[in-house]
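Following: one structure in structure tokens, then a few remarks.
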Amino acid sequence: MASASGFPASFYGEPGVLGLLANGISAFLVLLQNFHGARTGIPAEGVENILAGVHLILIGGVCQLVAGLLSFRKYDHLSGTSFVGYAALWGSYGATRIFLGANQQSPNLFNQSAMINSTFQDLYANTSVNQTVIPMYIKESAIAGLVPYILLSFLLAFCSATVNYIMPFVFGAITLTLIFEAVGLVAGWALVVSGILELLILLFAIYGSSALLIKGLAQRYVLKGFGNPLFNVLLLGTTNASSSQSLGQEKKKNTKYAEPMALGFFCDTVSPFIFAFYAFGYFPSIPVAAIWISINSAAQLLSSYYAYLRQDCYHATKFGLHCMFWLVKTWEEYVVSVTISRTEAGEVRHAMVGNWFFLSAALVFFITSLNKDTLELVHNSFFVLVTISTISQIPIDRYYIFFGVTCSLFTLLSFYGTFARLINTIAEKSLIPVGPQPVSTESLQKYLSYLRRSKLDEPEDKGSQLPDALFYLSNGVAALSAIHNGQSGLAFFDLTVPWVLIPGAIIQAYVSRLQVQGGQRFGSVIPSFYVAIWATWSWFRFAGHRLQISTESANGFAAGAIAFLVINAFLIVVATYGNLVLLALTTVMEVIIVCFLLSTFGRLPYQLEVAMLAIFAIICLYGMLASLVNGIFSKTLIPVGPSLIKDKKKKESETTYPCFIAKSRETSGLLKIAKLLENNGVCGIPTDTVYALAASCKNPSAIEKIYSIKDRPAEKPICICISSVEQLVAAKPPFSPLLWEFMRNVYPGGISCIVPKGEWLLKLGVGPAYDRVGTRESIMIRVPDHTATAHLCEFTGPLAITSANPSGEADSTHHDMVINRLGHKIEGVLCDGESNEVVASTVVNCLKIDEGKLIFQRADILS
């Protein structure tokens, strides 16, 4: 809750403190083990390694992950990418320690003479596996995982030098430490050097976190290291004009969050690198490496999530696809490692067809990236090659060689992509070449629109379709992978489990979460229900022989299948209010569930099931293509068909809304909203960017209500909105001529200026809300280029505003989104239809304008 003492500025909150300390403490834990082993000649074993691994996961993994997520919300590209990437590193390394401890015999004491050549590397080289027949290859897997992180850590150290001169030393020390940790797996002396470097990480991290913490408390830089880069990022090159158009397209996305593209490319560097080592036979068994790839894939799913929050349908789906692909391939190879041989897998794979959907999806992305930059197009073309290399019908003697080569090429391109995306987002210019657009956006839209033969009525809510492409993608992979015949053996069933379970259940659960995140509570029902179907399908049809399901249990599955039939029948009715593609999907799923029911009685018609699963996959492919294209271009280019049943009663009526609804074109509506604001109310209003929540500055308690309505952190300030610059002139603030000239040039418009706070705000009409808006020293001012909002401010005086969305969620770009998400908490909404923009206003810090400095803050200061 707000307090009379005011709020500190949100841009002084520093998750970098947590991120740096997590790196420092994690390095310190490894340091203690390395130095203890070197001093006593008794390396850590068993429980000691397990405990160390748990601590690395909790501190270096979880805590640093939190720092990375907060950094993304602060529009900090570098810190967000770095902390999430290092969280994956420490989490993977901690899991390796746990594997190591769990697979060691009782501690073996080493005498002093053996200490020189028998230090920590012996734990890896001579690890036993508790008399199992599954070799873990912990040492080789750890090296394969550390090498890509060494390269990426060096890249992060270089990029961070363009921001400050503390993080380059931290990241540089981490890079050298990883090198000697990798060498230490085969040569014990390197672990001593690694321990010294880990001490440097700790010292640099303590200093850096102290500097950031003091900066947050003092609201200025006290300790040196932050605020000035080692070198200017512009020295890396000049703006590439041929790439500026595609970069500008990215800026049209919701810039409320940092761009996750660098993180997506980062993860696309690690996973294929480890796979290349595996495919070329450096380690023939993947259990430990599977943990590294799985954790890295989870980080890539976060890049998909933040792309979704930025309303970026393309990258949200792309990184979701890549995450799904790496997870499926990882756990397929895990099954090969622990249950069947490669030779047997080569024979069984000939009957598997799920790879073809990945190939089709990769080709779809290749087509939709034709209007992106050349780097994006080439990256997608290389991913097409990767999916081709995993086609199950390739002979086993060529399969792994082809896969290893394509993974190596994809790794190199992803590494360059990480560098280019990171530098270009830091500079907010295209400094690192990414190439021109192969095809203009207008031309691509024209070609794709040929598929639309007639103008059918399409669903109006385009903004809610962001996760639809991933929904169709996950269902399509699961359905095509589930195809088999009555002669399929047990090895086929084992290999098919990850192909159905991961896309159909795990990734689709993520899709369901996105639907809820976007305010579509009911929209999450279908993906949530299909999660249950595919999970049950995997459990009964493919893992049943492993679980030893009895006849009685099969009867239970039959009862569940009947329940599935009833629920899906209801979803068919719901789909009639949606579109034809969704209706066809749910209808075919009804037949598939009937086949599942018959399989519980041992009377499965395989031909019918194969046909239905194939048709289901085709529908999913078309649905994915349509949803992706329509989501990327924010218009219906590829039809999905009209709803069969139209809701005739969907007319605006005061009794059907949770709050008062007014039209922006009606003066009576403006007067009613103004009256609600005068009476201590909070209302949703349109602006020239996105919809905002507004409260009158005459009512401080109404401003405090905004914080509880949005679940907004108390430390994030609220700006004020006025009708015109002339209203500001009348208050006679002591602004310099340069500041006045700047404000007259940018107002009215989608700019928020941070200016010095003073008694002039009382003359402006802020009055009792003086301590409830801005910070102690500054205030942010908006003059929207929106007629209705300007007139409203003339009626009410200055308004305290913030974006109309639950804190941390996507902005509201239509009055329906405000009503659906916050209508039950506010008094009214001024309806103006679709907003002109999908991003909040640009925030410019003008406090040092007379010194020649204008600082562009991120958009989420208003969120």
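Cβ coordinates are placed from backbone N, Cα and C, and glycine is handled just like the others.
TrEMBL entries are annotated by machine, without manual review.
Matching 52-72, 262-282 against TrEMBL, the residues noted as transmembrane segment span 52-72. Taking residue pairs at least 6 apart in sequence, the transmembrane segment (377-394) and the transmembrane segment (400-419) share three or more C-beta contacts under 8 angstroms. Count of Cβ pairs under 8 Å against the transmembrane segment (352-370): among 12-32, 142-163, 377-394, 580-598, the largest is for 377-394. Long-range contacts of the transmembrane segment (490-510) within its own chain (CB-CB distance under 8 A, at least 6 residues past either end) are made by residues 301, 304-305, 320, 323-324, 327-328, 330-332, 334-336, 339-340, 344-345, 348-349, 351-352, 354, 470-471, 473-475, 477-479, 481-482, 484, 527-528, 530-531, 533-535, 537-538, 541-546. The list of residues near the transmembrane segment (12-32) in space but at least 6 beyond its ends in sequence, with Cβ under 8 angstroms from a Cβ of it, reads 52, 55-56, 59-60, 63-64, 66-68, 70-71, 74, 76, 79, 82-83, 86-87, 90, 167, 170, 174, 177, 181, 194-195, 198-199, 201-206, 208-209, 212-213, 215-216, 219, 715.
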